[in-house]
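*Asks:* OK, Swiss-Prot features for this one:
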- 12, 16, 265, 308, 409, 413: ADP binding site (BINDING)
- 12, 82, 83, 134, 243: sn-glycerol 3-phosphate binding site (BINDING)
- 12, 13, 14, 265, 308, 312, 409: ATP binding site (BINDING)
- 82, 83, 134, 243, 244: glycerol binding site (BINDING)
């Protein structure tokens, strides 16, 4: 059998390729950042062609690093930034506009208008989601309504829609395969998570032609083969999942009640709820975790829009640090935040608040607060936001989390992990391999082609690096949580016109 599984990890700020072996070890890694476009306040875009070019480049680089050929790759799994919306010409393959990124808030007013029509419950029951500009549906409608000629071309069947994995599969197969997986489809706000089909009533409400939508398929199956022109031979594309669902799978959270948090650009908590969707009454969304072996597994999810992005803000805009990795060292220069709280609501607040008009706030400033306090408070804001979601999950599921599995770039920050354990009053378990998003995509692809025999086979690969136990006193924890809630309230509705 071929030696490796290739995971293509199409992130929000960079694309990566990781080659994994049977033990789940990383054998080769390549990564490249791509351009972020901010044409107006609250707008975020990517160039879909640049996403494709960088993804292909890092895949070739990862193979070259260890002299791997197409014959050495058993299958490819793809994981991706979710909700980000791409529309392209079916014949030429040219995107009609930049990709509209999940963080983009340009459709906030249209999302409000859907709520005002009393459609909140309809969307929640069918899609599991709250109505928000975050999801793909309003972005797709905006493209059809605002790109000259787009609606007419879509009605004629000339345009295709896809989230990033759909776009990459289409490009890798040179336009032969137009599919999405259930986990990504469940993030579009157009997919019925009960019937596993695009919802005709929602498509009619949004005026979106069904012909442009990809075919929904399980997360672990062979979708097609990569055209040999790219890697010198055909390779099956056998797995796909949105980044957060892939991380849940990579963390081997296979049982109902198991949960993970990924610290990336945003923070994303998912709890496996088994084969029945659990409806949230506390600002979470119900989503599909994965479809595999004829079964669909559901999850509760809390999405925090700004996490690692707040460290980028400290680096790029505030110039407080030279690199993201400096944040821990700088934050340790002070013993606390000196009463300062940072609420990084740069693009609104996600779960459990869902306030798209909230904006970033720093409160508790005195003459004694310096940049180290602000850096520490920014780190702490991630832990507070995660705890807000954990509290909502507990309320919805009735399950008291005994521990939290963590991954993503910022999980390497020991100070942040200790803050998380302290604020959430639960042990934080960090695995040896924190690249669980890419690993999840690799596992899904490998299962489909028999590289791994079973999910039990995969579970044996998970190994712990470090456990962070809560250390602060209960009264201090309660005081900090109370002050955080007070700070968050200051951010609400800031950008809304009175």
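Indices start at 1 and increase along the chain as displayed.
Keep in mind that glycine also has a Cβ here, set from the backbone N, Cα and C atoms.
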*Asks:* Which of these binding-site residues is closest to residue 12 (ADP binding site) if you go by CA atoms: 82, 134, 244, 312?
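*Replies:* With Cα distances computed to residue 12 (ADP binding site), the winner among 82, 134, 244, 312 is 82.
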*Asks:* Among 16, 312, 413, these being the binding-site residues, pick the one whose CA is nearest to that of residue 134 (sn-glycerol 3-phosphate binding site).
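*Replies:* Comparing Cα positions, the candidate nearest residue 134 (sn-glycerol 3-phosphate binding site) turns out to be 312.
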*Asks:* Given residue 13 (ATP binding site) and residue 265 (ADP binding site), what distance in Å do their CA atoms have, once rounded to a whole number?
*Replies:* 8
*Asks:* Counting only residues 6+ away in sequence within the same chain, which have a CB under 8 Å from the CB of residue 243 (sn-glycerol 3-phosphate binding site)?
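*Replies:* Residue 243 (sn-glycerol 3-phosphate binding site) has long-range Cβ partners 9, 11, 79, 80, 81, 82, 262, 264, 268, 437.
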*Asks:* State the Cα to Cα distance, in Å, between residue 312 (ATP binding site) and residue 244 (glycerol binding site), rounded to an integer.
*Replies:* 21
*Asks:* Near the Cβ of residue 244 (glycerol binding site), how many other Cβ atoms are there if near means within 10 Å?
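*Replies:* There are 30 of them.
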*Asks:* Where residue 244 (glycerol binding site) and residue 265 (ADP binding site) are concerned, what is their Cα separation in Å, rounded?
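*Replies:* A Cα-Cα distance of 12 Å.
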*Asks:* In angstrom units, rounded to an integer, how far apart are the Cα atoms of residue 83 (sn-glycerol 3-phosphate binding site) and residue 265 (ADP binding site)?
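*Replies:* A Cα-Cα distance of 14 Å.
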*Asks:* Which of 16, 82 (the binding-site residues) has the most other Cβ atoms within 10 Å?
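*Replies:* Compared across 16, 82, the most Cβ atoms within 10 Å surround 82.
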*Asks:* Please list, in sequence order, the residues in the chain of residue 265 (ADP binding site) that are at least six apart in sequence and whose C-beta is under 8 Å away from its C-beta.
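*Replies:* Within the chain, residue 265 (ADP binding site) has Cβ neighbours under 8 Å at 11, 12, 13, 103, 306, 307, 308, 309.
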*Asks:* Considering the binding-site residues 13, 14, 413, which residue's Cβ sits among the greatest number of other Cβ atoms within 10 Å?
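*Replies:* The largest 10 Å Cβ neighbour count belongs to 413.
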*Asks:* Taking the recorded ATP site as 12, 13, 14, 265, 308, 312, 409, identify the other residues of that chain whose CB atom sits within 8 Å of the mean position of the site's CB atoms, giving them in sequence order.
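*Replies:* Not counting the recorded site residues, we get 11, 264, 309.
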*Asks:* Between the two most separated Cα atoms in 12, 16, 265, 308, 409, 413, the residues recorded as binding ADP, what distance in Å do you get?
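*Replies:* It comes out at 21 Å between the most distant Cα atoms.
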*Asks:* Mind checking which of 308, 409 has the fewest other CB atoms within 10 A of its CB? They're the binding-site residues.
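*Replies:* Checked 308, 409; of these binding-site residues, fewest Cβ neighbours within 10 Å: 409.
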